[in-house]
Amino acid sequence: MARAGGTDPAPTGAGERGLPPAVVARLTVYLRALGGFLADGVERVSSEALAEVSGVSSATLRKDLSQLGSYGTRGVGYEVENLRQHLSEALGLTRDWRVAIVGAGNLGRALARYGGFGTRGFDVVALLDTDPQIIGNEVGWLRVGDAANLEAVFRRTRTNMAVLALPASAAQAACDRVVAAGVRSILSFAPTILQVPEGVTLRKVDMATELQILAYHAQRGESGGQSGEPAGDPA
Ligand SMILES: NC(=O)c1ccc[n+]([C@@H]2O[C@H](COP(=O)([O-])OP(=O)(O)OC[C@H]3O[C@@H](n4cnc5c(N)ncnc54)[C@H](O)[C@@H]3O)[C@@H](O)[C@H]2O)c1
């Protein structure tokens with residue numbers, strides 16, 4: 001049984017062992033920055049310019065990108081579209097991700113209404129709940145389905161990623177059903193530790209913990225670094 005109680009990402013990306021979590025987090029930042037360059041019609045970018053908009057040092061950027069293979073040319077920089085494609089592949093974003101949200105309360109509904117996932121390659125295909133008052137309601141362009149039919153809905157929608165936005169007390173049972181339905185990538189907002197079998201990646205989002213970390217750095221009067229470039233962790 002793998003256990004996921006914290007916010008530590010599982011290794012992802014190229015290579016047998018995957019990239020270190022901090023590198024994966026920074027790759028997502030580079031990817032967003034490259035999207036900005038492309039939108040501005042920029043075809044080539046220097047490591048300094050890309051590092052600057054990403055909020056990291058150019059040495060860190062070059063080290064990160066070298067882990068994916070060397071794509072920069074000295075004096076010429078990186079081809080924006082090429083690098084963006086390569087990062088997308090390394091991050092698994094060229095796959096078709098079909099996301100179901102389990103729990104259509106305040107959080108689940110807000111997530112389902114958010115339009116930004118689709119543009120990043122994540123289609124929200126289902127929203128499920130157990131409450132008869134909520135089942136059948138329209139949220140954005142989705143209609144809330146009955147969580148009792150989770151397996152059938154996942155099959156029909158070809159769900160391959162699930163978000164748990166339900167109470168802690170219901171989370172493990174729902175997680176088990178999601179796993180039994182064949183989903184291998186789960187993001188949980190439930191404030192509890194969940195068990196998943198080997199081969200399933202579970203990430204937990206815990207805003208309260210993040211706020212506590214911020215408070216810790218604030219009371220020490222220091223910068224805790226940006227997400228993706230943790231202070232004192234150049235990995
Ligand atoms: N991690 C974070 O940063 C963060 C932030 C906000 C909320 N949360 C957590 O996210 C969860 C959802 O928060 P909320 O404010 O939307 O709560 P909510 O009470 O508004 O919604 C929870 C929904 O889950 C449904 N539900 C219960 N059991 C279910 C099951 N087995 N299958 C499907 N649906 C089920 C309920 O009917 C309800 O509609 C809570 O556990 C909350 O503590 C986490």
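The backbone N, Cα and C atoms fix where each Cβ goes, and this holds for glycine too.
Quick look at what TrEMBL annotates:
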- 29-68: DNA-binding region (DNA_BIND)
- 92-193: domain 'CoA-binding' (DOMAIN)
- GLY103, ALA104, GLY105, ASN106, LEU107, GLY108: NAD(+) binding site (BINDING)
For ALA104, LEU107, listed as binding-site residues, tell me which one has the smallest number of other Cβ atoms within 10 Å.
LEU107
Determine the most Cβ-crowded residue among the binding-site residues GLY103, GLY105, using a 10 Å radius around each Cβ and all protein chains in the structure.
GLY103
Across the DNA-binding region (29-68), what does the pLDDT come to on average, as a whole number?
93
Do you know which of the binding-site residues ASN106, GLY108 has the most other C-beta atoms within 10 angstroms of its C-beta?
GLY108
Please list, in sequence order, every residue of the chain apart from GLY103, ALA104, GLY105, ASN106, LEU107, GLY108 whose Cβ lies within 8 Å of the Cβ centroid of the NAD(+) site.
ILE101, ARG109, ALA110, LEU111, ASP129, ALA165, LEU166
